[in-house]
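Presented below is the structure to which this report refers.
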Amino acid sequence: AMANGACLRIAVTAGNARSGQMLWTVDGVDPSVMTETGASVLIPEDTPFQIAAQQADDMPALLPAVAGAIAGGLEHADQMIERLPVGVCGLDEEGRILYLNRRLASWLGGDPEDFNSGSLELADLIVGDGINGEVKLKVKGGEPIRCFVTHSINAPGTGPVRSQAVIFPDPMPAHEWEHALAETERRVRWFFDESPLSIVLADMSGTVTDANRAFIVTAGQRHENVVGRSILELILPEDRDEVARYLSKAVMGMGKGGQIEARLSGARGVAAQIYLQRVAGRSGEAGALLLNFLDTTEQKNLEEQFAQSQKMQAVGQLAGGVAHDFNNLLTAMIGFCDLLLSRHGPGDPSFADIMQIKQNANRAANLVRQLLAFSRRQTLQPKIINITDALAEMSNLLRRLIGEKIDLKVNHGRDIGLVKVDPGQLDQVIINLVVNARDAMAGEGGVLTVQTSTEIIDEPKATGTEVIPPGDYIGIKVSDNGIGIPKDNLTRIFEPFFSTKQRGEGTGLGLSTVYGIVKQTGGFIAVDSEEGKGTTFTIYLPRYEATEEELAETQAVAEEAPSRDLTGTGAILLVEDEDAVRTFGARALRSKGYEVLEANNGENALEVLNKTDKTIDLVISDVVMPGIDGPTLVRMLREQKPELKVIFISGYAEDTYRDELDEENGVHFLPKPFSLKDLATKVKEVL
């Protein structure tokens, strides 16, 4: 109690009212006592009192004032509590109800006197176990009503602490609850449908009860065709057993969710990661399954493309290594056959035998070239050409290759630009694809189409095996309406020695050669095929913008006539670690009039030069040798003689070592295997 005429002011924090600004006034006391940020409880002595609240939504914020009134025994506290727009009850330290106001009693379906016996506890008025937060109050003869409960453990005040105060905000009217519930459901549905993640709801039996828009789009199905079906029906048959085990564990509570990978049924065959969460049901309800589907189709395709490229690279490295070793053997075989043929003419009994050996060696050399083409280690001699002109020159040859039953159509696009490729290798690519198409239509006949076009790619374009970067390309399509390629074989058709033909009908190197040449040229190749309808191979070659000087040089080279006289003079240093190749090379050059110094490696070459007083006109060296290799040897020799001319011989491509020489002038290349004529021609050209 306060001195006569004084007021006890208790500041109470307030929030926003559910229905806007609220002001409760008792006996018309001036509301000017309101604070700007909260509310005041004024209890004048021997006078009426008021409660004023501004923006007072959080009814439990009045708790300190009410608790103080009850605990401190303030005069007129019962009047204040009775006039509060909330339900209030006081509890003793044992939790028994000492008092509750009329408003709360009316909610419970009785009078205050019915609850003031001291034998009831707060828990007796509430449905369930909780006594804090949102609860349901028991109502005599009616359904429980929703309320919010908060209480003070230690009530403030000057009197003894003999009670607790609990405030029950007025329950929301039914129509407001219905509106709030409808609004909540609307928002939840909006988030459900607009989520970018595919979501499926199912009951504990695995039957779909709902699916959002993202899943419908991903699965490529209609909503009504998804709801009511088993989850397993949405999965490809091959993956259903694993998904079934996964769902079974979740239903039996043996796991805490997790993820699994599976493919969805349907034409698209979407690959997805499935995240499963078991949702517990309310009291008496069975619960549900929540599944999130993350589309990983593109990721899987990229992983498969990467794995395929890694495999192709590994096979290519193996093929390249084998080809390099074979090239040394074949160089010696072909070379010594040429030396024998120089002494045994067509009338000699041994001539036919020697020619048979050489022809088989050349066949083996062709197989090796195909392996090198696949491994992208062959030597290319790129020239600036017009695709339209190149195909026009090949048309007659192609018609002879495919026979009379197949109709060849060559269609050229408009304004086809230039490309920079090896003409011979491009011919081989076209011939291999045409022969492949011919065999696909064998016995039935059909139409084989070769078409050129300008392809402008603005953003990365995914094909079945790789991704083509943006750029300007010249496209070459070779199409047939033959038997097509089985889907399982599409990822293997470019592998060396893979063939679906009968034994003896092919080497299995045709498409692998095409692949290697196109890739080494800087291009790309894509295949589109359907069994029973045909196949289309599309080659993308980078468009080349040639300068006037390049065009003039190309024309001059084309008009230059090769020399027939292969004899010459000069001193040549021949460096080769393969004895057979070095012996053949030395004998071949000496037979053409050259003086030859031999060395079996880089160190030996330096020793030979130190011991001779001859002026070396040309160095012919292998590239890969133990110790000092070819490029290192040339750099050392050019420190003394910068203008020294060089020919590298190797089974690998020129590009594999060209960068090491910083593209120095005067460096030429002769690929293995080579014949006596090839060697003599290259030396004559350089000297």
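Cβ atoms are placed via backbone N, Cα and C, with glycine included.
What TrEMBL records for this protein:
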| type | residues | note |
| --- | --- | --- |
| DOMAIN | 73-126 | domain 'PAS' |
| DOMAIN | 184-254 | domain 'PAS' |
| DOMAIN | 321-545 | domain 'Histidine kinase' |
| DOMAIN | 571-687 | domain 'Response regulatory' |
| MOD_RES | Asp622 | 4-aspartylphosphate |
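For the domain 'Response regulatory' (571-687), the model gives a mean pLDDT of 86. Around Asp622 (4-aspartylphosphate), the same-chain residues at least 6 positions away in sequence with a Cβ under 8 Å from its Cβ are Val575, Glu576, Asp577, Glu578, Val581, Gly630, Phe648, Ile649, Ser650. Counting residues of the domain 'Response regulatory' (571-687) by DSSP class, helix then strand then coil, yields 52 helix, 26 strand, 39 coil.
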